[in-house]
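Notes follow once the structure below has been shown.
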Amino acid sequence: MKNHKNIQIYFILLFSIICSVNSIDLVPEEVPFLKNIVQKSNYSALNVPNIETIICGNSIQGSGCDSNGNLVSLYFMSSTIQAFTWSDFAGFTKLYSLFITGVSVDQTFIYNPMPSIGYLTIHTNTILEIDKILPKYDYLSFNIGGVDNTNLTIKASYLKNVSSFGMNGKFCDIEIDGNQSDSKLASLSIKPLNIPDLSVFPILGTLTLILDNGFNQSSFKNIQYFNNIGYIGIGLVSSSLYNFPIEFSYINNPKWSTIYFSQGEWNSPSDYIDLSNNNQTYVSFNLQNAGKKFNINGNFPFSKLPTGTCRDFSVNNGNFSNLPNMVLFERTQVLSLKNSGIGGNLPSVNDTLQKSRFTQQVSLSGNKLTGVIDESWCSIILDVSNNQLSGPLPDCFYCYLQDPTYRNRLIGNNFSNYNTSATCTEEQISIYKIFIINSKAVLIGKNIGTSLTNIVTYPEIQFVTNNLNDSFTGNVITNSNSYDIIQVRLLVPGINFTLSVSGNPPQIDEIVQNNATFIIQGQYYSYDKSVINVTIGDNQCIIKSNTFYEIICDIDYPVVDYGNTSVLVIVDDKNSTFYIDLKYTPVKCNSTCLNGICNDRLGICNCSNGWTSDDCSIPKHEVTSSTKVSHGSGGEIILIGWFGNIHTGLQVLFDGVNSQITFINSSSISTKIGGGFGLVNTTVLQNNIIWNGLIDPYIQPLNGYCNYTTKLCTCDIKWTTVNFEVCTIPYHYVSSSSKVPSTTGGNITLSGWFGDVHEYLQLSIDNEYTAVQSIDNETITITIPPGIGSKNIQIIQNNITWTGLIYPYSESTIKCLNNCSGNGVCKSNGECKCNENYIGPDCKTKDVGSTLPPTDTHVNPDGSTSISNEDTIYLIYIDSISEMDFYNNQVPNTLVNLKNGWKINNTTNSATGVGSSITTFYQNINNATVTMTIENIESNNGKEFTFAGNQFTVSKDGFKLSLSVSNWNYKSNLNTLQIQMSSDVSLNEGSKINECIDSDSQSTNIETSSNSNDLQNVNYLKISKNGKTLYGRFQDKILSDGRPTTTITKVISKDDKKVVISLDLPHCNQCLLDPDFSVIINPDFKSSDSCGKENKKPWLIPVAVTVPVVGCALAVSAFMLTKKIRSNNKFLNKFGGKNQK
């Protein structure tokens, strides 16, 4: 077997080299033993004079000495019949390798070697029986001659001390006898009848099998156990066809790095061969003689190769119809499919071998391939000799046909440009860059071939690797630190290149202009066009040719620019700038310029303003302005500008619609435009020239503003748009109504905004049509029948519908709070006149007299008002304002928190005890203004007020609050406003606790009541805590745009710390909130310091709070402190609740 012979030759050469010591003789004591062997063997090569000198001189194959003159290897042949024993070699104390041929030895020779022997090869015709365990050998090999077919069987355990064992010439089977875990066998070469299960040998890594007649092919099944074998060599010496061992596909995680089939022919495999179970790196598969039947229906019988990398993959002398898909070989370095009858076109490998850039060499010689070789093969050493290829060779092959190596790989085809004396230029071959780092060089170019020896450089670089992508890697032999350029020569075809290694920017020495062509001379340029960029002024200069020393490029013809002009040259990431006196190219105009002059730089007419065309004969029209028409009807409009005196194909379009033209001259066009608003896209077409732009043809509406960009109009608050009636239609609404008795009904007046246009007027109440008696801008008069409560009202005019609620009925009698608790008389305005010794809004509290603790009323900078007495504090403030829709839902994004936004506008003070102090706050909310005025009464006699027909007095130490909301920008005319007011109750932790308060009085209690059975409105609010009571009174009237109307008050939320009240306001331009607060204290009331635990008494401090909202009197009346005290006339007189006799 080839591998076994190689191993033998290797050892022979190795010892020859080891023993090659000149001028050393064999040590004297070993000379007699050598001469004895020469005499007994009659080996002519040793039977020479001075053999003791010659044998140590490396002149006799297989024999040699060490440096001391001791024989360490010996090879000889015997032509005698004399037998040899180890005693014949006893004098060679350092003998390691013995190779004997034709020598007669007895059966025990191999069992008793000299201690120094490690390598023993015996070629003999005598069969040596191996019937017991062999001693230790590094290498033991037999070659048994003769013609008999004797079969030897050797037990595996007999070989456990032998590292490498070979038996050639006779059939030899290995019998597996038990556990072989202690076996040292690493290499095995035999000619077996059966392949054993060799997995029992733990370190067996090399296997050579010679298969001859009589071999049992069914034993191929044991190949699947070759897991750990690295080298597998198989040779066929019989003429029989063997089935290819598909079992290689079944090995689990194989370790083989080489499979070598050296001889014989193979039958068709039973299935496609899958070698992807092997993932080793750098493997080799070599099938030298596949045979005519080694295919599957003419197809290449391999489906997958090892998933690692193939050092080489060869299947030669086969029979395949077509070339297999080259994707199969993407991880193969060297591929050989020679002499296999492969037909079809040679494919491109752009998407296969070039994609992986791993394949270095492909041999396809001796086949029947047709077609052409494309450039995808350029970086691969390709041998396609003796095929049927045709067409032109790519430059990467053509340019090197002078090289015999290239020629021999391409010979025997029909290429159209197969010229053995071919020459090429820098246009076909180029070298772009060279990088040198730490004495390592990388050369990059185009079509630079595959031969490492074809490139010579100065200073010298020895190239060692072809990187398969038009680049070579090499070692710098000469120190190149002192060089900034490298000279490179391609021996074939004989082209020189100069490359920079210093990274210098391009150097410009001279620029020559030849019309639109520029020759840039200097150095440190490049042979690679893709890395060069030249800009002359603002013109890109297109590269025509380029070398290290010169660039030739063109700009657009004719040259238009002139004068001092910069030339920027960029090479890779480096650049340089040079200035030249640029000359433009004079060009005649083709036409006479009627309304302009000839521009000889461009060869065209420069037309005067307002003219165009090649000869400046056609007017270049434009619109500069226009007259205006109304939005609704449109009408005749005049476009002003320049239109010349030629009007062929005249058209005017507004927003893409043709318009009727009534007149045109050089400066104006009269045409018609329809109604609309905003900017209009206008097109004027004449003489095949289009002018397009925006004009503003419409008069802005009187009651709004139109945005030209969005074409949307925003109307003033009282106006809206219907169709083209932009901001001219009244956006009507009702803000208030007068009242009639609920028992009789009668004429009422609806106040609000109704405008001057009342087309299709309809009015209904609770879905019943109602006749309109009269209507003007702000009022409507109708008749309403008797009834109670609110009414749904709907007004339709100008195709706009408004819907809302009115409260048209007045009640003849207003209920008093708790019917005055039986301690007073109810007046017609709903106020109680208390009997003697009773006080309060409902005459419920008995006046027993006492000294009361002082009450402190204070206006805070944030617009809130606080009332405190001992440890109890009430805080009253306007909380928020929001817009509500018809269904009383808050309109999104309209809620405004008023509590924290107040700013003080003005404060006036009067003399203490004489008048009052007034504080004014304000807030701006978009276009609306909210103003709040708080008047603190300091006059000893109080102050009288009239509001919405009601008269009331605010006593000393009281205050009146007015809130005005004006110019609110409603989202819809159906929407209304809602104000929320809060009263917080809390304890002053820093005040002294009044021991007179019962524990039952410490909790917070809230009560409400109404003075109308019809509206169920909240007219009274009572908050009690710690024996003190805050009364709130809310009247039903409001002022809307100066007119009284009805409002609704509700409690939104309440707990032991806070009460929130809502007041619903109509749709109005101005709304007014006017509450007042009065504090009444009994001066005889005793403070908490004078009240002992045994003398707890109820006491009362009434605080009157009246709150009219937008004309509604909102009364928070009677801040009550409960205590058993005596009657006090002064207290009753202040509150106004004591009977007068």
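Even glycines carry a Cβ here, placed using N, Cα and C.
TrEMBL: automatically predicted annotations, no manual curation.
These numbers come from a predicted model, not from an experiment.
Of the cysteines listed (CYS826, CYS843), TrEMBL assigns CYS843 as the disulfide partner of CYS834.
A count of other CB atoms within 10 A of each Cβ picks out CYS843 as the most crowded of the disulfide-bonded residues CYS816, CYS826, CYS843. Take the CB of CYS834 (disulfide bond) and look out to 10 A: across all protein chains shown you find 27 other CB atoms.
Rounded to the nearest whole angstrom, the C-alpha distance between CYS816 (disulfide bond) and CYS834 (disulfide bond) is 11. It is 9 Å from the Cα atom of CYS834 (disulfide bond) to that of CYS826 (disulfide bond). Per DSSP, the secondary structure of the domain 'EGF-like' (812-844) breaks down as 6 helix, 8 strand, 19 coil. Across the fold, the C-alpha of CYS843 (disulfide bond) and the C-alpha of CYS826 (disulfide bond) stand 10 Å from each other.
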